[in-house]
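The active site, nucleophile feature in Swiss-Prot is assigned to Cys80; the stated evidence is similarity to another entry. Annotation source Swiss-Prot lists Ca(2+) binding site at Asp40, Cys80, Asp313, His314, citing similarity to another entry. Here Swiss-Prot flags Lys128, His251 as substrate binding site, drawing on similarity to another entry. The N-linked glycosylation site feature in Swiss-Prot is assigned to Asn108, Asn166, Asn193, Asn262, Asn375, Asn413, Asn498. Feature annotation from Swiss-Prot assigns 3-oxoalanine (Cys) to Cys80; the stated evidence is experimental evidence. Residues or ranges marked as signal peptide in Swiss-Prot: 1-22.
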Amino acid sequence: MLLLWVSVVAALALAVLAPGAGEQRRRAAKAPNVVLVVSDSFDGRLTFHPGSQVVKLPFINFMKTRGTSFLNAYTNSPICCPSRAAMWSGLFTHLTESWNNFKGLDPNYTTWMDVMERHGYRTQKFGKLDYTSGHHSISNRVEAWTRDVAFLLRQEGRPMVNLIRNRTKVRVMERDWQNTDKAVNWLRKEAINYTEPFVIYLGLNLPHPYPSPSSGENFGSSTFHTSLYWLEKVSHDAIKIPKWSPLSEMHPVDYYSSYTKNCTGRFTKKEIKNIRAFYYAMCAETDAMLGEIILALHQLDLLQKTIVIYSSDHGELAMEHRQFYKMSMYEASAHVPLLMMGPGIKAGLQVSNVVSLVDIYPTMLDIAGIPLPQNLSGYSLLPLSSETFKNEHKVKNLHPPWILSEFHGCNVNASTYMLRTNHWKYIAYSDGASILPQLFDLSSDPDELTNVAVKFPEITYSLDQKLHSIINYPKVSASVHQYNKEQFIKWKQSIGQNYSNVIANLRWHQDWQKEPRKYENAIDQWLKTHMNPRAV
């Protein structure tokens with residue numbers, strides 16, 4: 001505990017160091033070093049007011065003071081692997097074809113880090129990567145492939161909380177701390193000796209909820225797990241209990257998600273508040289790991305020469321809209337943190353432009369002075385955060401006034417497309433006709449409780465036309481539908497005679513085993529209905 005408090009005090013002390021040093025740093029002879037820290041499941045709204053009032057995040061606040069924070073940053077796909085594939089490739093999800101957690105980039109895909117290495121950067125990666133194909137559980141894959149099947153099965157256990165009643169327990173997520181230690185040691189023992197600039201990536205699993213190993217009724221449940229040390233960083237009075245629409249009034253895709261996540265039952269206000277409090281405590285632990293990197297850079301006299309970027313692959317619903325996890329275009333799931341500080345980055349700047357994770361790739365190359373490829377979906381963020389960029393009109397024209405996010409994975413029974421503009425969020429599904437779209441005015445309805453698509457048909461039509469100009473989403477949906485069938489058939493054939501037993505014992509086993517033949521028949525019927533994506 002003492003060491004952590006020393007770290008926090010040191011961080012506060014850093015805020016008053018080197019006044020006016022930004023102009024000198026940007027003129028440094030060699031390209032700056034770059035550190036990218038990416039956590040999992042971090043709600044971006046916690047990095048600015050009023051969300052920032054609910055939990056103490058001293059190092060994120062330090063980055064806000066010393067750098068630029070993007071107030072409207074979004075994931076390009078609110079699930080781990082597809083989101084990270086977009087970030088490492090600079091391409092939208094329909095271009096990477098990273099449809100679910102099983103299908104990501106080819107292991108040999110050229111990432112921004114590969115390009116920087118070819119241009120003289122020393123490179124290193126630690127922790128969670130999760131952007132290549134072939135990972136995650138069988139259950140996760142099968143649930144994604146069969147989301148179009150005409151059945152409704154609970155795929156998750158009821159979300160839970162678990163508290164370590166120890167005020168001195170700081171290192172709760174041991175694996176993340178171990179990876180943070182590795183990154184710090186690399187900075188101390190390797191990076192400090194380099195004459196060339198370096199780029200290092202640290203991937204954290206927090207504040208992603210933990211899988212529960214327990215059997216019984218809540219087998220497979222996700223657990224929000226923390227200690228008293230971190231829970232005391234949370235302002236419980238500031239925790240907001242989210243409003244829920246009645247089950248009968250939920251959008252059909254939302255209802256499917258809520259049901260498969262086992263969230264359609266009764267939850268007390270205490271349960272909901274605990275889940276949210278424990279989640280925020282996990283965010284505080286994440287912030288401390290980010291702080292270890294910042295403090296190491298400071299102690300090694302590298303902070304003045306290094307651009308530090310912090311973001312997350314997606315957010316966490318934490319019981320908003322009667323759901324946990326992500327897999328949704330609602331703000332808690334799709335809105336991510338994005339902060340930058342270092343040489344040439346304007347201090348104390350808050351950027352309201354909409355940006356997304358595909359912008360990381362061109363930003364990295366721009367920092368290194370490397371020409372940008374023409375095929376990227378993203379745009380460099382340096383013009384929006386630079387100390388020296390003066391032409392505001394030109395800045396607005398550099399990054400388009402919209403971002404695209406899409407989802408094709410498990411727990412959602414239709415391909416989903418989100419277009420975020422100034423204050424509008426438009427969400428289209430599947431072929432654009434079979435499922436009602438959603439439109440939210442975030443300026444008057446930040447909690448996204450009122451779908452105004454019918455109320456404002458002209459805006460709905462205009463945004464749908466814009467979405468069509470970016471992506472032929474009915475065709476993409478058909479392609480994903482066909483991919484799901486093909487992959488399921490391959491998997492089923494690989495299982496052979498054990499198929500019935502294996503599929504009955506995946507995460508949905510409690511519901512499946514009540515009527516196994518009914519659900520197998522539903523899959524058989526689905527497989528008989530073939531689609532040709534080229535016909536759309």
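Note that Cβ sites are derived from N, Cα and C of the backbone, with glycine treated the same way.
Positions of the features from Swiss-Prot, shown on the structure.
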residue	record	contacts (Cβ under 8 Å, 6+ apart)
Asp40	Ca(2+) binding site	Cys80, Lys128, Gly203, Leu204, Asn205, Leu206, Pro207, His208, Ser312, Asp313, His314
Asn108	N-linked glycosylation site	none
Asn166	N-linked glycosylation site	Ser227, Leu228, Tyr229
Asn193	N-linked glycosylation site	none
Asn262	N-linked glycosylation site	Arg154, Gln155, Glu156, Gly157, Arg158, Pro159, Ser221
Asn375	N-linked glycosylation site	Leu91
Asn413	N-linked glycosylation site	Arg147, Asp148, Val253, Tyr256
Asn498	N-linked glycosylation site	none
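Ranking the binding-site residues Lys128, His251, His314 by C-beta neighbours within 10 Å puts His314 at the top. Over all protein chains present, the Cβ of Cys80 (active site, nucleophile) has 26 other Cβ atoms lying within 10 Å. Of all Cβ atoms in the shown protein chains, 30 besides its own fall within 10 Å of the Cβ of Asp313 (Ca(2+) binding site).
Taken residue by residue with DSSP, the residue listed as 'active site, nucleophile' is part of a helix. Taking the centroid of the Cβ atoms of Asp40, Cys80, Asp313, His314 as the Ca(2+) site, the other same-chain residues with Cβ within 8 Å of it are Ser41, Thr75, Pro78, Ile79, Ser83, Arg84, Asp130, His208, Ser312, Lys326.
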